[in-house]
Amino acid sequence: MPSRYLSFRCSAPWLILLLQALLLLRSFLGFPRVSDTYSSAGSYPEFQDVNHMVIFGFGFFLMVLRRYGFSSTGFNFLLVVLGVQCSVLAEDLLVFLQGRQNEVGLESLARAFVSVTAVVISTGAVLGRANPVQLVVMTLVELIFFYVSRYINETFLEVPEHLAGVHVFLFGAYFGLALASRFPEAPPGLDKNRSTPKSELFSVLGTVFVWVFWPSFNSVLPYFKMRAVMNTYLALAVSAVAAFMLSALTSKDGKFRMAQIRSAVLAGGVTISYTAERIHQPWIAMVLGLLGSVITILGSHCVQRCFNPALKLQDTSGVHFTFGLPAVLGAVASVVLLVVEDGIDTQWNELSRLGYDAFVFIGAFCQTMSTALITGLITGLILNIKLLKAVHVSKYFDDQFYWEVSLKMISD
C-alpha cells in the first residue's frame, strides 16, 4: 500500500506541473491578446452560469458513490480548470486553421467551457476506476480528438459553430463508453460500488444546479438567446414532470427511484440542445422534453439489463442513458425539424438544397459518434499502459487511495 501511494506522489503532481508549465509557455509565446469588448455571443452572467454548472453542478452530480465523494468533486474541478486552459489554446488553433483572427474574450472562454463538458461526461463513465494520472491524460487526448471532430464538422461539413459545439454530449458519452470498455470490471461483490442516502442527496443537489443553469448553457453560443432559453426551460420542465411520472409507473412497488429521476430530469436539456434556437412553437420543445425523459428511463432499463452485461461494460454514473441516448434523439430531431419546417416553404427547385442540408446534419452526427467510439477505444488502450499505473480492481471507488480521509468517513 505505501509504495502505491508513493508512486502517485511521484507521478500525478509532476505531470500536472509539467502540463501547466507547457500551457504557460505556449501562452507566452503565441497567445492572442485579451479582448475587452462585449460580445453578444457570451456575456458574463451567462458565462458564470455555465461555470457554476460545469464545476459545481457536475461535480456534485458525480458524487453518487459512497466512498468516492472527494475524488468525484475534486478530480472534476482539476480536470475542468486544466481542460479550459487547453481548450482556449485549441480554440485559438481552430480559428487560425480556419483563417480568422481570434481574441481571447468571454466568447472564446464560453466555447472552451462548453467543450470541456465532453470530458466531464466521459469521466462519469470511468468514475472510480481511473486514477488522476489517467484522467489528466484522458482530458488532453479527448480534447484533441473533440476539436479534430469539430474542425471536420465546421470546415468540411459546414455545420454552424454553435451546433458543432453542442455535439459535446454525444461525443462525451460515447467516448466515455468506449473508454470504459477497456477498463476491467469491478468484482460483483464489491461493496464500495453503491450509493448511500447521503451520497444520493449530494448527487441530487448537483442535478438541481445543472438543471437550473442549463438554459444558460444552451443559450451562451446561439444568436437567438431568448428563444433558446425559453425552449430549453420548457423542455426541462416537461422532462422533470415526466421523470417523476415514469419512475413511479416503471418501478415494481410504484415508488419513485431517485437514480432514474436524477438522470431523466436532465434529458430535456440534452435533447433540446440541437434545436433550442430554431424552434418557434413551444409545444415542440415540450414534446422533445417528454421524449427525452421517456428514452432515458426506458433506456436505463434496457441498457443496464441487456446492453451493459452483453458488452461487459460498467458505466458507473449512467452516461449512456443520461446523455448519450437523449443526444441521439436530439440529433435525429434536428434533422426532422429541418426537413419539416424548411420543407413547407421550399420550392421544388430548392429541394436538392434541403436534402443536402439534411445530409450534412446526418453526416455530422455520424462522424461525431464514430470518431468518439474509435478514439475512445484508442484512448482506453493508451490509459492502460504500465507507465500510467492503472489501479487494481480491489482499489476501485475508494477515496482512501488518493485522499487523506478520517476513520469515521471510512466506516460510513
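Cβ coordinates come from backbone N, Cα and C, glycine included.
Under the heading signal peptide, TrEMBL lists 1-30.
Mean model confidence of the domain 'Ammonium transporter AmtB-like' (41-387) amounts to 88 (pLDDT, 0 to 100 scale). As annotated by TrEMBL, domain 'Ammonium transporter AmtB-like' applies to 41-387.
Residues or ranges marked as transmembrane segment by TrEMBL: 50-68 (among others).
Residues annotated as transmembrane segment in TrEMBL: 75-97 (among others). If you look at the transmembrane segment (75-97), the same-chain residues 6 or more away from its ends with a CB under 8 A from one of its CBs are 16, 19-20, 23, 26-27, 31-32, 54-55, 58-59, 62, 104, 108-109, 111-113, 115-116, 119-120, 123, 132, 135-136, 139-140, 143-144, 147, 150-151, 154-155.
The annotation transmembrane segment is assigned in TrEMBL to 109-128 (among others).
The transmembrane segment feature in TrEMBL is assigned to 135-152 (among others). Counting only same-chain residues 6+ beyond the ends of the transmembrane segment (135-152), those with a CB under 8 A from a CB of the stretch are 12, 15-16, 19, 75, 78-79, 82-83, 86-87, 90, 93-94, 97, 115-116, 118-119, 122-123, 126, 164-165, 167-168, 171-172, 175, 179, 367-368, 371-372, 375, 379, 382-383, 388.
Positions annotated as transmembrane segment by TrEMBL: 164-180 (among others). Nonlocal intrachain contacts for the transmembrane segment (164-180), taken as residues 6+ away from its ends with a CB within less than 8 angstroms of a stretch CB, comprise 111, 114-115, 117-126, 129, 138, 142, 145-146, 149-150, 153-154, 218, 221, 270, 273-274, 313-316, 319-320, 322-324, 326-328, 330-331, 364-365, 368-369, 371-377, 379-380, 383.
The annotation transmembrane segment is assigned in TrEMBL to 201-224 (among others).
Look at TrEMBL and you will find 230-249 (among others) tagged as transmembrane segment.
The transmembrane segment annotation in TrEMBL covers 283-307 (among others). Only residues 6 or more beyond the boundaries of the transmembrane segment (283-307), in the same chain, are considered here, and those with a CB under 8 A from a CB of the stretch are 230-232, 234-240, 242-243, 246-247, 250, 259-260, 263-265, 267-268, 270-272, 275-276, 313, 315, 318, 320-322, 325-326, 329-330, 333, 337.
The transmembrane segment feature in TrEMBL is assigned to 319-340 (among others).
Within the chain, the transmembrane segment (360-385) has long-range Cβ neighbours (under 8 A, six or more residues past its boundaries) at 122, 130, 134, 137-138, 141-142, 145, 148-149, 152-153, 157-159, 163-164, 167, 170-183, 328, 331-332, 334-335, 338. The transmembrane segment annotation in TrEMBL covers 360-385 (among others).
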Intrachain neighbours beyond the transmembrane segment (50-68), with Cβ under 8 angstroms and 6 or more residues off its ends: 76-77, 80, 110, 113-114, 116-117, 120, 123-124, 127-128, 192-196, 198-200, 202-203, 205-207, 209-210, 213-214, 216-217, 220, 262, 316-317, 397-400, 409-410, 412
Intrachain neighbours beyond the transmembrane segment (201-224), with Cβ under 8 angstroms and 6 or more residues off its ends: 40-42, 45-47, 49-50, 52-53, 56-64, 69, 110-111, 114, 117, 161-162, 165-166, 195, 232-233, 236, 240, 258, 262, 265-266, 269, 272-273, 276-277
Sequence-remote partners of the transmembrane segment (319-340) [C-beta within less than 8 Å, at least six residues beyond its ends]: 121-122, 124-125, 163, 167, 169-170, 172-174, 176-177, 263, 266-268, 270-275, 278-279, 284, 288, 291-292, 295-297, 299-300, 303, 307, 354, 357-358, 361-362, 365, 369
